[in-house]
2 protein chains.
Amino acid sequence: MGIFNKIFSKKSRLPESDGIFFTEIQNMLGFDPLDLSHYRKAFTHRSSNKLDEKGFPINYERLEFLGDAMLGSVIAAHLFNEVPTGDEGYLTKMRSKIVSREHLNELGRDLNLIKWVESKVSAQHFGENIHGNLFEAFIGAIYLDRGFDYCEKFIHQKVILPYVDIAQLEGKVISYKSLVIEWCQKEKKPFLYEVYEDNGVEGQKHFGVKLKIDGRVVSRARATSKKKAEEQASKRAFFAFQEKINKK
Amino acid sequence: MGIFNKIFSKKSRLPESDGIFFTEIQNMLGFDPLDLSHYRKAFTHRSSNKLDEKGFPINYERLEFLGDAMLGSVIAAHLFNEVPTGDEGYLTKMRSKIVSREHLNELGRDLNLIKWVESKVSAQHFGENIHGNLFEAFIGAIYLDRGFDYCEKFIHQKVILPYVDIAQLEGKVISYKSLVIEWCQKEKKPFLYEVYEDNGVEGQKHFGVKLKIDGRVVSRARATSKKKAEEQASKRAFFAFQEKINKK
């Protein structure tokens with residue numbers, strides 16, 4: 001970015017703390033946020049007791065409702081298009097798996113949304129569900145800020161691409177990680193999934209995994225979620241060791 | 001519309017039966033459909049046993065899933081914006097009221113969607129829920145044909161404007177119709193809500209109501225749903241008779 005662009009960029013017109021927040025949100029979104037107040041609200045816990053100028057509470061709870069609805073319809077449209085043979089019952093079941101509480105918590109945790117939370121309660125007092133709640137609220141904020149299409153774009157990038165493997169959700173594909181662990185246990189070989197984080201290109205967070213068996217790195221993988229990176233590394237190790245595993 | 005426009009209009013490029021269907025769908029939507037096949041599918045009952053070129057069944061059941069999701073998120077966004085004081089629990093409750101099975105059946109029935117159904121079963125064998133199912137499927141078809149924003153436009157026009165009265169849903173506003181009926185029964189006066197349909201301007205269906213008490217027309221109203229027209233006529237009658245009613 002040239003010096004003139006830099007001077008006139010959106011970021012430089014904001015107070016410094018907003019500038020940092022803007023850049024971080026922008027990195028997370030993959031596009032520009034227009035009104036940061038929605039995102040600030042998405043990270044404001046009720047314990048902060050904030051009120052707006054009309055005396056209404058400012059916190060993320062209403063945004064959760066909105067985000068949950070948007071997530072539901074984006075996932076519905078995705079499944080509808082991806083699985084042309086799936087009937088209504090199948091589509092409904094698959095969607096519940098994708099938007100399960102556990103899955104949303106995982107998404108929120110992997111994105112490390114909690115680091116932005118404004119609260120009067122310390123982080124260790126939050127239950128596990130705060131991760132999923134923040135994730136839903138964040139989606140609600142995107143909808144308010146940029147509308148449905150951007151919401152869909154974000155969900156595709158951060159939920160569908162890294163997390164939604166239809167074959168795996170259907171249980172047709174076994175988990176390679178569990179195969180690898182089973183094999184290591186049978187063979188009494190110590191194993192270790194060594195996870196590291198990096199911010200890759202364009203600041204999108206990635207998780208790298210080195211799978212060590214018997215102290216030796218047998219495979220590596222890098223993905224947008226820990227789970228996916230571990231699964232990928234396991235798959236690679238699995239194919240490398242396939243003969244050995246199949247013989248047992 | 002001039003003769004040249006007419007010759008080159010979308011409608012004139014379609015086979016005659018599609019031309020009629022196009023015009024009717026266009027009137028219903030308030031904008032142009034682009035791909036009629038989505039709407040045809042939205043009215044194809046499973047009993048017709050139709051298959052597409054890949055051998056997948058063509059019927060509206062999958063579209064119901066999609067439409068239900070879109071309706072849910074449009075209503076969520078509407079409530080979020082309209083009721084800034086409503087918390088998550090309130091918003092969830094209000095949305096369930098609006099998208100209740102009973103309410104969806106009423107919407108589908110008022111739009112008379114059943115007249116388009118292609119089926120090998122005769123209409124009297126359909127249960128009551130077919131109205132709501134067709135309504136959801138129709139919304140699904142709009143989403144596939146024109147995307148979320150048009151879907152939202154349609155839902156605003158056909159669901160929110162005519163049916164969603166937040167105060168009434170909250171139970172804060174009493175039903176004027178029930179007040180009028182109560183009064184007539186107390187006074188032993190015969191009453192009749194005489195309903196007629198018309199296609200008004202731009203082909204949008206309207207319902208007219210004449211409220212007759214003691215054989216005399218006491219009020220009239222016209223609205224986009226029977227229920228709303230009756231309520232409106234009752235409200236007018238109520239204010240006209242207010243003194244009488246209040247004295248009892």
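Including glycine, each Cβ sits where the backbone N, Cα and C put it.
Any TrEMBL annotation is an automated prediction that lacks curation.
Worth saying up front: this structure is predicted, and the values here are computed from it rather than measured.
If you check TrEMBL, you get these features:
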| type | residues | note |
| --- | --- | --- |
| DOMAIN | A:22-147 | domain 'RNase III' |
| BINDING | A:Glu64, A:Asn133, A:Glu136 | Mg(2+) binding site |
| ACT_SITE | A:Asp68 | active site |
| ACT_SITE | A:Glu136 | active site |
| DOMAIN | A:175-243 | domain 'DRBM' |
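Taking the features listed in TrEMBL, we show where each one sits on the structure.
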residue  : record              : Cβ within 10 Å
A:Glu64  : Mg(2+) binding site : 23
A:Asp68  : active site         : 23
A:Asn133 : Mg(2+) binding site : 25
A:Glu136 : Mg(2+) binding site : 25
PLDDT averaged over the residues of the domain 'DRBM' (A:175-243): 84
Alpha-carbon spacing, A:Asp68 (active site) to A:Glu136 (Mg(2+) binding site), which is rounded to whole Å: 5
Against chain B, in sequence order - binding-site residues A:Glu64, A:Asn133, A:Glu136 with Cβ under 8 Å: A:Glu64
For the Mg(2+) site built from A:Glu64, A:Asn133, A:Glu136, further residues of that chain with CB within 8 A of the site's CB center: A:Tyr60, A:Glu61, A:Leu63, A:Phe65, A:Gly67, A:Asp68, A:Leu104, A:Gly132, A:Leu134, A:Phe135, A:Ala137, A:Gly140
Per-state residue totals over the domain 'DRBM' (A:175-243) - DSSP helix, strand, coil: 31 helix, 24 strand, 14 coil
